[in-house]
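Enquirer: I'd like to ask you about the structure that follows.
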Amino acid sequence: MDFGPYLMLATLEGAVTAAVLALTASGLALVFGIMRVVNVAHGEFFMLGAVLAWWVTDLMGATPVLGFAIALVVVPLMVAALATFADMTILKRINYDPERTIVATIGILYILQQVTLMTYGPDARPVTAPFNTRLALPWFERTEDGISLYWPWGLSITSYKLAVIGAAGGVLLGLWAVMKRSRLGLMMRATEQDREMALAFGIPVERIYALVFGMGAGLAALAAVLVVPIQQAHYLMGGDPLLLSFIVVIIGGLGSLPGTVLAALLIGLSDGIISVFFSPTLAKILATLLVAMLLVFRPQGMFGERRL
Amino acid sequence: MTKPKTTQTTRRGALKTLALGGGAAATLPLWARYTSAQTAAPVKVGFQVHRTGIGAAYGRWYDRTTTAAAALINEQGGINGRPIEIVAEDDGTDPKRGAEVVEKFVSQHQCDVGFGTLFSHVVIGSAPRAGELKLPYFVVSEGHHVASGMLNRYTLQPGITDVKSQVQAMAPFVAENLGKKVTMIFPDFAFGHDHRDFFTAAIEAQGGEVLEHIAIPPTETSFTKYFPKIPRDTEVIYHVMVGPAVLTFVKELGEFFGPSRPEIFGFIDSLEAVDIASPGLEFLDGTYFWEGNPRYAQDNQSDYDAFFRARVGVDANGASISDPKDVSTYAHMFGCWETLHVIKAGMEAAGYQSAADRGKLIEAVEAIEEMPHSNAYPQGAKIFNGKTHQVFGHQYISKVVDGKLLLVHTTSIEDTLYPDEVDYTTQPL
Amino acid sequence: MRRDVQKNLLLHGGVLVALFALQFVLPAYHHGNVARIMVLATYAMGYNLLFGYVDLLSLGHAVFFAAGLYGMGIAVSHLGVSAPLGLMIGVLAGGVVGAIIGALALRTEGVAFMIVTLMFAQAGYLIILYFGEITRGDEGFVIQQVDRLFFGGDLSDPFIRYYAAFTVFCISFLSILALLHSPFGKTLIAIRENQERAVMLGYNVMRFKLLAVIFSAALSALAGATYGLLFGYVGASFASVQYSIFPLLWVLLGGAGTALGPLVGVFFMFYLIDISSGMTTAYMLVAGVVLVGLTLFAPQGLMGEIRRRFWRWLP
C-alpha cells in the first residue's frame, strides 16, 4: 500500500482505539481523581460490560439491533450497580486506604474473572454489530490533470467503527457537561478538592464516592459494549484496557478529563501510526518506551499541573 | 528422509494385537474385568489441564475428550486389567504452575504418568521436572519442542503431530493450487516463528517464495493497521493466530480486503473453538484451512470418526451435542484420546505394574512403530518415531463452502517426515 | 530495647533453623514446594526492600527477575559458561537493568513511578519476545541438567536444591537485616519517614534511592537466576505483568516493611492456591475472597497484624 493511504488507515484505526480508550480511561480518571484510589479491577468491569452485552443480545436472539440497543443502556447500569455494591461493602470499610484498596481490588479482579469463567466460559464470543457496512475510502493522487481521487486497495473502514468514534465523543461531552454544569458535578469537584471541607459543607461524601465508583465502572462497561461487536467478549480481555487506561490517566494528568481524552488520542494514534514505520513488535516496544520517557521527563503528565 | 525404525521387534507384534484388541474384554461382565490383574488399584494418569488462563477454551475440550477416552478404556477392561483414573490438576496455562503440578502428580497423587499438556511454554516449563522425577510425560501440544531434542527421555508426544511436519506438508498443496507468492501473518512468539521458519523453507523447496513475514505482537487486539504491509502482488495469504482475539483478526482481514481478496490459507488454530458461521466471517467462503482432524463430518466419514464423535459428545458440525454454539477444538483434541490409547498400549506391552516399571513403559512406547486407523486412533493411521519421541500422521486441508469446512486434500504421512534431530534412546532412563 | 533485640534474634534465628530443619521432615511434594517458596521469598524480599522501607511502589519488578533469569539462562545455555558464573552474570544483569530503570524512573514519584516501572517492564517483556531467535519467545527454553552443576552439586537433586534455595534465602535475609541496621539502611528509613528533612540534613536522597533500587533489582535477579537453575526453565511468562504484581501482593499480604512478611506472604499465597485448587476448580475465587477478607480484617498484612496485636518489637 502507498504511504499516504496507509497512514490514513492507521490513523483511522488509531482513532477507534483512542475513542474506546478515552471512555474507559475517563472512568478510571474519575475514580482516581476524586477518590484517590487505584482500582485494579477496572479492566474487569470493562470485561463484564462485554460479557453482559453478549448475554443481553443473546437473550434477545432474533432482533440483534434491538438487543444491542438494550444492552447499550442496561449493561452499564448493571455494572455500575455492581461496582457501587463493591464500594459500599468493601472499599468503604477499608477507608479507601490506597494500599489496601490495591489488594482488595486485586481480590475483586480474581472473583469477577473466576465467576465469569464458571458461568460464561472460556470462549471468545461475538456480538453482531447493529449495522456494519464496509466503506471504501478514496485517496488523491497527482496526475497530469491536477489532483484526482482514486480508491486504493485495502483503504476502508466500517460504518460501525465510525459510529463508535461518534458515540464515544458524545458520551464524553455529556460527562464533561455533568462535571462542569450540574449540581452533582459541583459536589464531585468539591469532594475531589477537599474531602474534609466537602463534608463540612454537608456534601454526602460517602454517597458521592459510591456514585463515582459506580460511574467509573459504568463508563468502562459502556466502552466495552461499544467495542464488543468489533472485538469479542472474553473473560481475560480486561488486562489490556486496565494497563492502557492507567497510562492514559497518568499522561493526561490526574483527574483532568480533557487531558485524559487528549492522552487517549495520543496513545491510540501513536500505536497506529508507529506501526506504519516499524515491524509490529518493535513498534509496540517503541510506543511503550516513548510513553515511559514522556512520563520520566514530564512526570506531572502532559496536561496536568498537579503532582501526586 | 528417515523412516522410524523399531528397535525391539519382539514387542512390536504384541503391541499391534493389543492396540487392536481390548474390545474383547468389553464383553466380560463388570466384576470379572479387573480380576486378571495382580492389583485392582487404578492406573493413575495425572492430567495437566488448562482450566484457567489463556488455554481454557482448549482445556475444556481436552478435558471432555480425556474423560470420554478413559471411560471407554475402562469399559474395555482398563489397562492390564486395572481401571484407569484421571487425576486432573489445573496448571493455569502457566509454566511455573505446570512444573509444580508435575511434582504434585509424582509425590502427592502417586500418578503413574503425566499427560495432556497443550501449550508449549507449559510443556517446556514442566518437562525438566518430569525428567528429573522420572515421570513418563505424554504431551499433546503439537509443538516441535519434543522432536527438536530440547526435552528429555521421559517426555513423549505420541498422539499429535508437530508443527514442523504439519507446516511442511502444506507447502506442496499451497504452491500447486493457490499460488507461489505468499505473505505470512503469524503471532510473534515461538509457535509463530516455527511456522515462519518451516513454511518459508518448505515453500521455497516448491519453487515459491514468501514475500513478507508479518509477525503480530501477542497482546494485540486490533489488526487492520498491520494489513497494509501485505505486498500488492501477494497470491496467497498464510495466516495462523492463537488466543482470544483470533476472531477479530479473521474478521478484520475480511473487512480489509473487501471484495478483492487473494487466496487465503490458514491454520484452523485461527478459528479453533469458533463457529465458522459467526457474523463477519462470510468472506471466508472459498478459503482454505489446515485441519488436524476435519471438524465437520465428511461424506466419506470413517466409522472410527463417527465413533469418536459419539463418545466425546460432538455433533456432525464439530459442536457439543448439548449446545450447538459450543464449538469444539476438533483439530487438536483427538490427540488426548489417541495418547491415552498409546499409554494403554505401552503399559500392556511393558507389563506395567507399578511406578518401578516407568522405564519399561518408556521403552515400550519407544518400540511402537505403527498405529492403525481404528477406534483407538480415529484421526488416521500414524507412524511413531521412537528416537525422536514424535508421532507422524496425515494432515487435512479443507475448503470453506457455504459456511462449512469441506475436506479437499489429505496429505500422505511421507509428506510430513523430516530427518531426525535427536535420539532420545541414547539418554539413560 | 535489649530484650527486644534478643527476641528478634531468637525469632529470626528460629525461623532460619526451622526452615533448615524442615527438609528432614517434609514429604517429597512439600519439600519441593518449600524450596520454591524460599526462592520466591527472596524475590519478595527484594521487592519489600524498595516498597516496605523506601516506600517506592514498583509495578515492574518482573523485569528484574527476568533479567536474572535470562542473564543466567543465556550465559549458561548459549555461551556455555558454568552455573556459578551464570548466576553471577544474572545478578549483574539485574543490577545493570536496575541502575538504568532506576535512574530514569526515580525522576518520577507516586503513581507516575508505578506506571513508568510498569512500562519499562512491559518493554522488557516485548524485547524478550522480539529476540525470539535467542530467547525462544514465550515458549522459553530448558536449562539442561548437565548445565546445572554447581561446584559439582547437581541442582536437580532435591536435597541439593533445597540447600541451594536455603542458602540463597539466608544470604538475602541476613544481608537485608544487616543493611537495615547499617547507616545506609537507617538513612533509607529516615528518607521514607521525612524526605524533606533528609534533604535538609544534606543527604543525597536520589543517590540513596538509586542504590536501593539497584540492590532490590539485584536481589530480584538473584531469585530469578536461582529459580532458573533450580527448576531448569527460562521463559517469558516470568517477565509478564502478573509476575510484577505477585511480589506486591505477597508483601502486602505478609506485611510491608516487616522482615518476615515476604516469606509469610509467599507461603500463604502458595498454599492458598495449592490447597484450594485441590478442593475446587474455582480456586481463584477462593483466593479473591481471601484477599478481600484480609484487607478487611488484617489491614497491615499477616506479620503487620501480629506486630500490632502481639509482638510490638517485631522489625
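Even glycines carry a Cβ here, placed using N, Cα and C.
Those TrEMBL annotations? Automatic predictions, nothing curated.
Copying in the features that TrEMBL gives for the protein in this structure:
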TRANSMEM  C:9-29  transmembrane segment
TRANSMEM  C:87-106  transmembrane segment
TRANSMEM  C:113-132  transmembrane segment
TRANSMEM  C:160-180  transmembrane segment
TRANSMEM  C:210-236  transmembrane segment
TRANSMEM  C:248-270  transmembrane segment
TRANSMEM  C:282-302  transmembrane segment
Enquirer: Verify whether three or more Cβ pairs under 8 angstroms connect the transmembrane segment (C:282-302) with the transmembrane segment (C:210-236), leaving out any pair fewer than 6 apart in sequence.
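Expert: Answer no, regions not in contact.
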Enquirer: Does the structure show the transmembrane segment (C:160-180) and the transmembrane segment (C:9-29) touching, where I'm treating 3 or more Cβ pairs under 8 angstroms (sequence separation 6 or more) as a contact?
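Expert: In this chain the transmembrane segment (C:160-180) contacts the transmembrane segment (C:9-29) - 3 or more Cβ pairs sit under 8 Å.
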Enquirer: Relative to the transmembrane segment (C:113-132), which of C:87-106, C:248-270, C:282-302 accounts for the most Cβ pairs at distances under 8 Å?
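Expert: So the stretch in question is C:87-106.
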Enquirer: Take the transmembrane segment (C:282-302) and find every residue of the same chain, 6 or more past its ends, with a Cβ under 8 Å from one of its Cβ atoms.
Expert: 249, 251-256, 258, 261, 264-265, 268-269, 272-273, 276, 308
Enquirer: Mind checking which residues reach the transmembrane segment (C:9-29)? Cβ under 8 Å, same chain, six or more beyond either end.
Expert: 38, 158-159, 162, 166, 169-170, 173, 177, 259-260, 263, 311, 314
